[in-house]
């Protein structure tokens with residue numbers, strides 16, 4: 001194994017990132033070193049790349065970016081008993097304390113002291129990466145690395161879609177970015193019908209149809225509320241899944257959901273949002289879920305089973321694959337322009 005490796009690093013508090021050469025790290029107690037087989041870009045990585053207000057408040061350069069990963073264990077640190085060299089793993093990227101009030105009530109996904117790979121510590125946009133053994137998830141040997149790397153964001157989509165009953169229920173999804181596309185795949189695999197997607201990008205509307213959306217609408221050209229009402233004979237949808245983080249999409253979705261329906265919110269809004277709670281939520285008796293992270297480890301079992309079932313239509317979602325990191329800037333700029341689904345790097349070019 002080489003002593004040096006390439007990594008995409010946030011080297012300074014400014015727009016962009018750099019491809020650097022650094023030492024291959026050594027695992028400490030309770031840690032393993034993985035050879036990164038595949039790693040995908042998340043919206044969080046894009047925020048860090050763009051150096052928005054959230055990134056400025058959270059990230060401390062220099063730091064290796066990235067957290068969605070599939071890899072092979074190549075070295076085991078002291079005290080690790082459940083993993084060995086050669087194990088094929090993905091990683092739960094939220095490192096929880098296990099001691100806070102939430103953790104002691106089995107709500108690990110909302111641990112009050114959560115640390116995140118590639119956010120609070122070095123990440124996985126590299127040839128090799130250190131991960132805590134307790135955060136490893138063993139993958140079936142025949143799972144493609146690009147699928148295995150997507151399990152972490154798929155967990156977000158699964159928790160959003162499956163926060164309540166979905167089979168046979170009319171569903172509106174706002175936002176067909178990478179997470180929204182995963183949400184469409186999960187909703188269709190879980191029996192939702194019809195699945196209606198509101199998305200302004202023509203590129204992503206076409207992707208949504210490929211993944212399985214029954215109807216798509218451009219909210220900049222048509223009123224999505226009227227669109228939904230026409231399809232549902234005026235009833236509105238049973239389920240509203242918000243992936244966009246757009247305040248207007250939230251308002252439209254709340255208007256389009258039927259009284260007594262269910263709402264799951266995953267998209268992060270850029271600012272405080274003003275909503276008519278009385279008329280859009282309280283008087284409609286809506287069931288509203290805020291979604292963050294993944295339930296440990298129930299969601300991982302669900303995600304793995306869905307992938308192995310063959311029912312998830314993931315191939316159209318993975319629109320760009322890169323061997324190595326040489327074109328990482330191109331990948332990020334395409335994502336910024338909304339011209340991708342999921343982007344996956346395969347760090348080892350061979």
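Cβ coordinates are placed from backbone N, Cα and C, and glycine is handled just like the others.
Given the structure is predicted, the values throughout are model-derived calculations rather than measurements.
Listed in Swiss-Prot for this protein:
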type: ACT_SITE; residues: 44; note: active site, charge relay system
type: ACT_SITE; residues: 47; note: active site, charge relay system
type: BINDING; residues: 42, 67, 68; note: Zn(2+) 1 binding site
type: BINDING; residues: 97, 100, 103, 111; note: Zn(2+) 2 binding site
type: BINDING; residues: 179, 199, 204, 266, 267, 268, 291, 292; note: NAD(+) binding site
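Secondary structure from DSSP puts residue 68 (Zn(2+) 1 binding site) in a beta strand. Farthest C-alpha pair in the NAD(+)-binding residues 179, 199, 204, 266, 267, 268, 291, 292: 24 Å apart.
When the alpha carbons of residue 111 (Zn(2+) 2 binding site) and residue 67 (Zn(2+) 1 binding site) are compared, the span between them is 18 angstrom. Among the binding-site residues listed (100, 179, 267, 292), 179 has its Cα nearest to the Cα of residue 42 (Zn(2+) 1 binding site). The separation of residue 47 (active site, charge relay system) from residue 100 (Zn(2+) 2 binding site), Cα to Cα, is 28 Å. Within 10 Å of residue 67 (Zn(2+) 1 binding site), counting C-alpha to C-alpha distances, fall none of the binding-site residues 103, 179, 267, 268, 291. Taking only the Cα positions, the spacing between residue 292 (NAD(+) binding site) and residue 44 (active site, charge relay system) is 13 angstrom. Residue 292 (NAD(+) binding site) falls outside any helix or strand according to DSSP and counts as coil. What surrounds the Zn(2+) 2 site, by Cβ distance within 8 Å of the Cβ centroid and not counting 97, 100, 103, 111, is the set 96, 98, 99, 101, 102, 104, 108, 112, 113, 114 from the same chain.
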